[in-house]
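Report on the following structure.
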């Protein structure tokens, strides 16, 4: 990165993607990192969050909530990395990242030959991201296709126009996305995904856990990620997704953290983090 580069500063919901990049950059510096994201620091720096960031709040409860959110980002990233590896091992060669933000999986993961990865997001984050990628001379490890469209619009048509083939299996990722959408928008999104999913498609989602808005968003600073959360997971996420044509499994952040050798020992049970993790197969 050079000091001469002028970046369009992130704003609104997509600005939270830069905060996610900062968390991934910090994780990547650990000796026991659950993943390595060599581009995360560049994204965070371009967004003004590296090397400095907003200080932790003085309030102990708020501090724990901030740490819980960061922890959840690390765990969900590893979870979805594994899901994509399993999907491609099963023969899936199309990947769609919905609300892609600063996701760098096209660049940091190994992909089988012939994999096409579509990044769907609004123009502003995609343009910001493209500037950083050019600066870093980043080279994707698969065919990477960006689709500039708002998910509130007719994104399936835009995705099809970009080359997505609904007749063959797709791995769909909705990471840190649904929690920002009202329930009717979540239902529409799931219906549209289903319409574009051949049998054998995979899906990975993160959902806001029950009570997350009360626990995390109620006292959130305006403009912060938590201040924009509006939806939580249904009481029966597996049954809910079955109604959309998916055979799903639901995992807690604490459960996955233990499996990854990173137990959440410093957090009380009621402060596990803001969400649950879903893996699903289209039948």
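Glycine is no exception: its Cβ is also placed from the backbone N, Cα and C atoms.
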* **Record-annotated S-adenosyl-L-methionine site (Swiss-Prot): member among 121, 165 besides 150, 151** => 121
* Structure fact -> Ordered by sequence, the long-range same-chain Cβ contacts of residue 151 (S-adenosyl-L-methionine binding site) under 8 Å (at least 6 apart) are 98, 99, 120, 177, 181, 185, 189
* Structure fact -> Given the S-adenosyl-L-methionine site 121, 150, 151, its other Cβ neighbours within 8 Å of the Cβ centroid, in chain order, are 98, 99, 120, 122, 149, 152, 153, 155
* Asked: In terms of DSSP three-state secondary structure, what is the assignment for residue 150 (S-adenosyl-L-methionine binding site)?
  -> coil
